[in-house]
Amino acid sequence: MIPKIKDFFANIPTSIAKYFFILRNAWKDFRKKRALLNKIVFTIFLLSIFAIAGSITLPGVSVGNLDSNTFLGILNLVGGGGLRNFSIVALGISPFITASLVMQILQTKLFPPIYRLSQSGPIGRRKINIITRAITIFLGVVQSMTIVSALSAQNSFISLTNEFNVFWYQFIILPVILIAGTVFSIFIGDQITDKGVGNGTTLLIFTGIVITLPTQFTATFNALVGEQQRVSSLSNGIVTFISYVFGFIILMYIIGFVYNAERRIPIQQVGAGRAKNEKELSYLPIKINPGGISPIIFALIIISFPQLFASVFPISNPFRIWVESNLRPNNTIGFILFISITFIFAIFFGLQQSKVDKIAEDFAKNSTFIPGIKPGQETETYLTGIVLRLCFFSAFYLIIIGGMQFAQQLAGVPENISFGGTSVIILVTASYETITQIQARKKSQSLSQKHKKILEVTSKNNNDEKSKGLLW
């Protein structure tokens, strides 16, 4: 027993030294990766500022319950969640999202001036960026004036208190604050993109959705479990709520699977020889959802425009009544309209973002070809056919996922407990994009450090040879 105690005390210095070296190495690794950590902290800091700004309600505004199927609910989704409290960033980035989608359409060959501008390098992209910002301000003015004009409407989501219900405050101060909030939101998004991690615009929408998740799950639990009095109803409610959460998780998994899935087209280069096995083959990867989430967002924005326009009319106006009764996505006509627009733009955005003509041109320049397909026009036609088939799959996929919430409501599920596939797509997409970028930067940083070490060793060896007085 005593020898064991002696061994224990004798090993204490060794153990302390061991843990000291472990901590020292961990501190060194931390310092090496500090640049990436700073970017992550910076991103979280800016998103926190945006979330805080989204909780500050504008003075003189009383807030009710927001219906996600109205134009306000749609703007709240794509704008970052600020309309939920009608905050100083109520419009958020929704005008910028709309302007960006419009510019994507204008950059196609259907509009030669903008298309030529998009093909003219950094200078052209800078001009397109300026045009996008100008359209953003214009849309911000239109949206803010339209929303404010509906503030004093009876039974609306937002209304002005009596002391603030004056012309100059409604049509000058409030629109200026809303537009300034949009500019501030765009600034935060740009800073995240340039100096943080991930896409700033996507992360702002991501933040707005994440903030609402606890409220949504709480409301669902209360509706399914909290209001039940009988034991049998209570147990059924618990099972239903667990199924609800399980379905939400499965939906996230399906969306993540589709996001990562791709169609791989084998390619070869002239003079490279035949590949001996599958590992040596090169591939051209094409996402099976080439259009991304843009078709759904654009469809929702288009559907919101008639509601936005109708909101300036009195509540008793027949036109406004018809629009609000028929053109919301949870109504039959609005749902059919949503499906049609999503289908059309899934094909359009898929073909536009795949840039098949550019790929075929680069293949011809780099002496790259698809086995069995001639370079040039035949390659472009072949790739267009593949992308078009993927676009049809993408269209049906987006219609099913994006229309899930509206289909639930048409079937009688209450609006506050139906979960939307659009929100989940944004959550999953933003998460994958951010994680991928962090991993890429981490790998780049590691390679940079290895390169730096090699240069240091080479420099040291050269200095040693010089110190020996060798003449070459």
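Cβ atoms are placed via backbone N, Cα and C, with glycine included.
Database features (TrEMBL):
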type	residues	note
TRANSMEM	40-66	transmembrane segment
TRANSMEM	86-106	transmembrane segment
TRANSMEM	134-154	transmembrane segment
TRANSMEM	166-189	transmembrane segment
TRANSMEM	201-225	transmembrane segment
TRANSMEM	237-259	transmembrane segment
TRANSMEM	292-313	transmembrane segment
TRANSMEM	333-351	transmembrane segment
TRANSMEM	386-405	transmembrane segment
TRANSMEM	417-435	transmembrane segment
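Between the transmembrane segment (201-225) and the transmembrane segment (40-66) there are 3 or more Cβ pairs closer than 8 Å, counting only residues 6 or more apart in sequence, so the two stretches are in contact. With Cβ pairs under 8 Å as the measure, the transmembrane segment (166-189) is packed most heavily against 86-106, out of 86-106, 237-259, 292-313, 333-351, 417-435. Between the transmembrane segment (292-313) and the transmembrane segment (417-435) there are 3 or more Cβ pairs closer than 8 Å, counting only residues 6 or more apart in sequence, so the two stretches are in contact. Beyond the transmembrane segment (333-351), the same-chain residues lying 6 or more positions past its ends with a Cβ under 8 Å from any Cβ of the stretch are 69, 104-105, 289-292, 294-296, 298-300, 302-303, 326-327, 384, 387-388, 390-392, 394-395, 398-399, 402-403, 406-407, 410.
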